[in-house]
Amino acid sequence: MTNLVTLAELGGPLAAIGGAAYARHAHPAAYWSTVGLPLSAARLLASYSSTMDACGLTVEPSRWRALAVRATTRREVRPVPPRRGMIRPTSTGLRMRLRLAPGQEPMDVAASAERLRHAWGVHAVYVRDVKPGVVELRLVGYDVLRRVRMPRRFDSGLLRVPVALREDATAFARDYRAVPHELVLGATLSGKSMYLRHLISGLAAQPVALVGVDCKRGVELAPFASRLSALATDPAEAAELLPVLVKEMEDRYDLIKARQGIAPGTPDEEITSDVWGLPESERPPPIILFVDEVAELFLVASRKDEERRDEMVTHLIRLAQLGRAAGIYLEVCGQRFGAELGKGATMLRAQLTGRVCHRVNDEASAKMALGDIAPEAVSAACSIAPELPGLAVVGDTSGGWSRIRTPYLSLADAAATCRASAHLAPDVPALAPFRPHVPPVPVEASAPAVAPRPVTE
Ligand SMILES: Nc1ncnc2c1ncn2[C@@H]1O[C@H](COP(=O)(O)OP(=O)(O)OP(=O)(O)O)[C@@H](O)[C@H]1O
Ligand SMILES: [Mg+2]
């Protein structure tokens, strides 16, 4: 009997511990909200001063403070940690602001991030510079990139779409106004097309012309045909489409020039050097050119094709060089993008400001994307596991980098989004001949209106 009672007494807590361990692995978000958050918050509150001291983030108290402590208490005067703001819980972690003491800089706190993460039992700690003298600590409770859930609220706008989640649980947005052209690199099956899929379905709802060059015979981009203003599915079609885009860009420059020249009395603020300064009624819609498997445009089988290749590369370089002011942006995807592709490859790469590097097979490929950003970014890209497709290292315009992962989006859902917003495709007359043919959606076979009757005598 006593054995039974002991078993019952032990069974409860053991089941609770087992359940918590299971929830932590299988439902990390629910575990964090119910168990992880209160535990970490309690640890943080209880050990804040001692942890900061152990990390070397405390400073000697001011003379007035030391005097006040001595006068009011008999305790020894201890070094003081940075003043802490309110702890703000989130669905993925905790946030807290710190006021740096004189002589401290954000890098001091960032250098201790790994120690803080262990002290407070969280998955990771990130430090963000908020304003001079104030940093924000972002504690992330669990690995948010394992099962990606985008934050519910984010500031999207024209030409700004959230495509992935950063490892600090904030949304990563692709902003074409800030970073006009981008290179997306990665080995096969690393998630490049998924990244494109998110971009296209995000932009589908905006008044933007989407143009695709997909030399895999269109298998990646053709499902979005209903929303695309133009689609080329092999190098020969691309060779016809690219000069039309360059011509469109030149026409847009003429439009801007005409606007600058027409009225000599135009107020200064209305003189513009790009399409965004044009009045809305005259402004041509932005065009985004998606190139999947860019190497296909560079590779030639015979000498005869070489001329066509050189022309295409020159057009791409011109679009990358001059496109931004004309509202033409490039999103270039490839498995490798180095000098071995031939003339013009490195020149085009140098024009692509944004860099996203998915899993790669060798360090040289990662260097093609991130080499000029940071050596740590290259090694981070080389260590992406094949089990996590969609995970990538993205270079910031500020020279920093972070890990991101796209959420899963099925091709059918993305294609449905494109079909639903097909009417939003803006009218760009020059691209009309390249508009892809969209086969009509077959109507579901329903019950026939008149029930067939067997023929009888
Ligand atoms: N974020 C993600 N979450 C889950 N699965 C993903 C994610 N990204 C990609 N995948 C899966 O990984 C596989 C490869 O993705 P994708 O087709 O985007 O790769 P790719 O880099 O374009 O490959 P390729 O060079 O062969 O075209 C697909 O089956 C896709 O469903
Ligand atoms: Mg692909």
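Any Cβ shown, glycine's included, is placed from N, Cα and C.
What TrEMBL records for this protein:
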type	residues	note
BINDING	G186, A187, T188, L189, S190, G191, K192, S193	ATP binding site
DOMAIN	166-367	domain 'FtsK'
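Positions of TrEMBL features highlighted on the structure.
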residue	record	Cβ contacts under 8 Å, 6 or more apart
G186	ATP binding site	K192, Q335, C357, H358, R359, V360, A392
A187	ATP binding site	Q335, H358, R359, V360, N361, S365
T188	ATP binding site	Q335
L189	ATP binding site	P386, P389
S190	ATP binding site	H358, R359, V360, I384, P389, G390, A392
G191	ATP binding site	H358, R359, P389, G390, L391, A392, T406
S193	ATP binding site	E220, D292, C333
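The record gives G186, A187, T188, L189, S190, G191, K192, S193 for ATP. Within 8 Å of the mean position of their Cβ atoms, the other Cβ atoms in that chain belong to Q335, H358, R359, P389. K192 (ATP binding site) is surrounded by 26 other CB atoms, counting those within 10 A of its CB over all protein chains shown. Checking the binding-site residues T188, K192, S193 against ligand 2, the ones with a C-beta less than 6 Å from an atom of that molecule are K192, S193. The secondary structure of G191 (ATP binding site), as reduced to three states from DSSP, is coil rather than helix or strand. Among the binding-site residues listed (A187, T188, S190), T188, S190 have a CB atom closer than 6 Å to some atom of ligand 1, in sequence order.
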